[in-house]
Amino acid sequence: MPIRIDKKLPAVEILRTENIFVMDDQRAAHQDIRPLKILILNLMPQKMVTETQLLRHLANTPLQLDIDFLYMESHRSKTTRSEHMETFYKTFPEVKDEYFDGMIITGAPVEHLPFEEVDYWEEFRQMLEWSKTHVYSTLHICWGAQAGLYLRYGVEKYQMDSKLSGIYPQDTLKEGHLLFRGFDDSYVSPHSRHTEISKEEVLNKTNLEILSEGPQVGVSILASRDLREIYSFGHLEYDRDTLAKEYFRDRDAGFDPHIPENYFKDDDVNQVPCLCWSSSAALFFSNWVNHAVYQETPFDWRKIEDDASAYGYL
């Protein structure tokens, strides 16, 4: 699909070399259609990398998407230049009067902290509450999924004995589900986290559907029946080398990390890591945009609040 983003965003040139269509405002205006408005709350430290990863996977249907990036005013990024944030990102006050068809909340490297000790927690809480009436479908990823479940349902996260890092199999549990249209019975995806949730808590505290799970990863993807809330604990958006970079970063910092499982051939870190989830990632993000966002969101954004009330979100 054509994605509308600032043509000066560094991701643009990378995407164009991959033959991904990026549209400027002038050309978009000539199409005379309402684009889907997507808001990305990017909490990852390497923001430009995450921008490219997500935009690559969002560019997979013929729909036109208008992308905005959001950052936390209450947190200062140590790994991304302030000029980049000021140029390409908006703050919550700048978007709070707008409505969005979809929103992505990324992971964040703060899972070692209790939720309330994260420096931007109060701002995050306000954004999630706002999203109930201003966003139709929200896709939460990794820590973003754990935080969303905690705020909405009181589902806790629990420290694992060791970091879960690697490429793991998961089974799809709801045959024909719209988010998994085109999937086989099982698929693989990257996971990279120190914490997990309890399946029992999900079943007892929420009315969400568990859509996929695996023996090593546990619950992987769950969603509300109306697809307004989607929680994914893996990282389908990751590049081939993302887990490798995380491993070498931690090793060089002296943390003695485990080699990511099912990733390097023969666990030899000098080998090129496998890329065996890209087709699943393309399907998943395309299904989210088409079936959870495009097919369901009201043409008049103001009706999102009416839908939120009708479905018990308020």
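Our numbering is plain: 1 for the first residue shown, then up by one each step along the chain.
Even glycines carry a Cβ here, placed using N, Cα and C.
Note that the structure is predicted; figures quoted are calculated from it, not measured.
Sequence annotations record features per position, and here Swiss-Prot assigns active site, acyl-thioester intermediate to C142. Annotation source Swiss-Prot lists active site, proton acceptor at H235, citing sequence analysis. Marked as substrate binding site by Swiss-Prot on the basis of sequence analysis: K163, S192, R249. The site 'Important for acyl-CoA specificity' feature in Swiss-Prot is assigned to E111; the stated evidence is sequence analysis. As annotated by Swiss-Prot, site 'Important for substrate specificity' applies to S192.
Looking at H235 (active site, proton acceptor) and C142 (active site, acyl-thioester intermediate), their Cα atoms lie 7 Å from each other.
For the pair S192 (substrate binding site) and C142 (active site, acyl-thioester intermediate), the C-alpha distance works out to 8 angstrom. Summary for the recorded positions K163, H235, R249: the Cβ-based neighbour count within 10 Å is maximal at H235. In sequence order, S165, L243, E246, Y247, D250, P257, P260 are the residues of the same chain, not among K163, S192, R249, whose CB sits within 8 A of the CB centroid for the substrate site. For the residue listed as 'active site, acyl-thioester intermediate', the number of other Cβ atoms no farther than 10 Å from its own Cβ, over all displayed protein chains, is 25. Cβ-based neighbour count (10 Å, all protein chains) for E111 (site 'Important for acyl-CoA specificity') stands at 19.
The number of other CB atoms found within 10 A of the CB of S192 (substrate binding site), across every protein chain shown, is 19.
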